[in-house]
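Each remark here refers to the structure printed beneath this line.
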Amino acid sequence: MSRFARLLLIVALFFTNAWAKTVKETLRITWKEGAPNGQARELIYTNGQFPSPTLVWDEDDDIEGQRPIQPGNKFVYRFKASPPGNHWYHSHEKMSLVDGLYGAIHIRLTGTPRRFHMNDAKSQARRPKGDRTGLWSQISQDKDDIKAMENAAYDPEYLVVSDWSQYTSEEYWKISTDSGLLVLYAYVAPSILVNGKGEVYCPGQKFLQAELAPGLVEDAFPPGTEVSDKGCFPADLDQVQGGPWNITKRPDLIPPRVREGCVASRHENATIVVDPSKNNGWVSMHFVAAATTAQITFSVDSHEFWLYEIDGNYVNPRKFASAVMSAGETFSVMIKLDQEPGKYTMRIPNSGASQVLGGFAEMVYKGCEREEKAGKAYLSYGGNPTSPDVEKNSFFPWQLDTDHMSPWPPNKPRPGNADEEHLLVLGRVGAPYNYTMNTKYLYPVDFQNDDPLLFYPSATRDTENDGLVLRTKNGSWVDLILQVSTLPGDTASSEHFMHKHGSKTWRIGFGTGVWNYTSVEEAIQERPQDFNLETPGLRDTWITAFSIGGEAYWSVFRYFVDNPGPWLFHCHIELHLMGGMGIAILDGVDAWPEHIPEEYQLR
C-alpha cells in the first residue's frame, strides 16, 4: 500500500487582510483513484480536487499554517504573503509532483509606491510596490489600456501545466532502480495536462518521427535513431544512460508499455473562457510549469502575447508568438483579445528535447463556446515553429544571447567580484539515476530530518554530509558557479532546471569549457563576451546547457544575502532531485537567532 493511502494531512492557512479579517483555508490531502487523462491511476487530491486549489492572497497578508506533520500532530507557522506575483506551491517529499501535489498561488499587488534605491544592496534584490504604469506603458501608451491591464493582472486566468504518467512516483522510481537504467519520465508520461485535464494521443510513429526538432537526432544521437510510437527515444542510448557504471542492468524488468505501446484515450482538455468586453479586451494569464521533467512550449493560435513576469518577478515586456518554459518556472503574459470572436487552440507541447508530445487547451471568447475552432497555428504537434517568422518571434531561454528578459524596473547586481564564490560540479555518480550537485555527494530525500539544519546549523560540520551544505554570511554578495559535463560517465549531460529557494539570482555568466579561473572577476576579464552584469535576468529557476556533443559548460549566478535561513538549491526535474541533485544553502547563518522561540522548539 502506498504511503499516501494511510495519510490524511490537514493544512490550515489563515491570513489577515487590511481590514483585520481573518480567513481560514484548510487543505486536506488525500490519495485516491482518478483519471485526469482518461486513464485511471491513484493520485493526490487536495480538498477533493486535482490539481490543488489556487490560493489568492494580497501582498503583506499575514499567513498562518502548518509545516509537514505526522498523523495526529500539528504545528503552526507564520509568514507574510510576499512578494506579489505568480507563484506556486508543491511538495519536496520524494517525487510527489508525479502524484499531483501542486497548485498555483497569486499574491496580488497592494500598497503605495515606494522609492527604489538602485544603489542600495537590499533594494537591488527586492521589487517595488504600487505603481506599475511604467510596466504597462511598454505595451501600450493608451491610458485606458494601462488601466485595463492593471485590472487584468489583478484577476488573471490560471493555467497549471504538468506532464502525466500512468505510474505513481513509487512505481516510476522502482522501474529505474530495479532495471539499473535511467528511465526518463518522458518514457512514462503520455500526456500534457492543463489544470488537471488532458488526453492521450497516438498519432503514429512515422508522424512523431517527422515532428522531431530539426537537427536533434543528427546532433545528439547515432544515425538511424528513431522515436517510439509514444514519441520516446531509445532507453539504451549512451547519451541517455551515460557511464559505464558498475551496476547490473536488467532491461527485462522495465514494463512493456513504458517506452512504446501507445494507448489512446479521449477525455477533455481545459477550456479558458475570456471576455473581450472586459478590461478593454486585455486578459492576463498565469502559467505554472508544474511538470516533473518536461520543458514545455506554449502558444495561442492567432494571438501573440506580451511576457511581463517570470518567476514572480516583473520583466521588461516583450511580444512573442510562443515561449519555452522549464519545469518549476512561472510565466505571466498579457493577451489582447482583438481577433474574430471564436474558439482558439492553445498549444502546449513538450519542447522536444526529451519526447515528442503534444498538449492542448482552448481559449474561447465568451459566447462562442459552440463554434468551430479558428485561427492560425504557431506551433506544430511536437513544438516546432510553423514558420521562420514564428521562430524569430519566440522566446528561448537557452543562453545569454537568447534570453533578453531583463528585470523591470532596472535591477542589476553589484559589479566586480562577489564576497563569496562557490563552485558546484553537477552530474551523475555511480549509476545513471544518481545525480550530484557537488562532485560526488548525493542529497537524500530525508537529509537531516532528525536534526534539521534550521535548529542545528552546525550538525554536519566535520562529517561527510558537510559536502551537502553551503554557508553564507548575511549582507554578502555570493556567486554560485555551476559546471556541467565534466564528471566521468556524464560528459553528455542533460539539461538541469536549477531552482534556489529563499532568493532570486541573476545569471551573469554562461560559457563553454571547464571552469579553471581563480575568480569570476578573472573570467570576466578573459571572456567579457560570456558575461552580462548590466541587464541580466533575475529569477529563481535557471536552465543549464544540454551538452549534445559532450562539451563542458558553466554558468554563474549572483545573489545578495538578505533573507537568512536554510534554503534548498536543487534541480526541478523530479528524477534528478530524487537521485540526489540538491544542496542546502544556509544563507546569512551568522544572523540566525541564538535562541529558538518556544513555539518553534522541536518536541
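Glycine residues also receive a Cβ, built from the backbone N, Cα and C atoms like all the rest.
From a predicted model like this one, the values you see are computed outputs, not experimental measurements.
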> Where Swiss-Prot shows His92, His570 binding Cu cation 3, which of His106, His501, His595 is named for the same site?
Replying inline: His501
>> As a test of the contact definition, list every same-chain residue at least 6 positions from Asn474 (N-linked glycosylation site) whose Cβ is closer than 8 Å to its Cβ.
In response: Val561, Asp562, Pro564, Asp587, Gly588, Val589, Asp590, Ala591
> Within 10 Å of the Cβ of His92 (Cu cation 3 binding site), how many other Cβ atoms can be counted across all chains shown?
Replying inline: 18
> Do you know offhand how many angstrom separate His570 (Cu cation 3 binding site) and His499 (Cu cation 4 binding site) by C-alpha?
Replying inline: 5
> Can you name the residues of this chain that are 6 or more positions from His499 (Cu cation 4 binding site) yet have a C-beta less than 8 Å from its C-beta?
Replying inline: Gly328, Asp540, Thr541, Phe569, His570, Cys571, His572
> In the same chain, which residues outside the set His92, His501, His570 have their CB within 8 A of the centroid of the CB atoms that define the Cu cation 3 site?
Replying inline: His499, Trp567, Leu568, Phe569, Leu577, Gly582
> What does DSSP say about Cys571 (Cu cation 4 binding site): helix, strand or coil?
Replying inline: strand
>> Excluding near sequence neighbours, so keeping only residues 6 or more apart in the same chain, what lies with its CB under 8 A of Asn269 (N-linked glycosylation site)?
In response: Val194, Lys197, Gly198, Glu199, Phe360, Ala361, Glu362
> Among the recorded positions listed here (His90, His92, Asn246, Asn434, His501), which has the Cα closest to the Cα of Asn516 (N-linked glycosylation site)?
Replying inline: Asn434
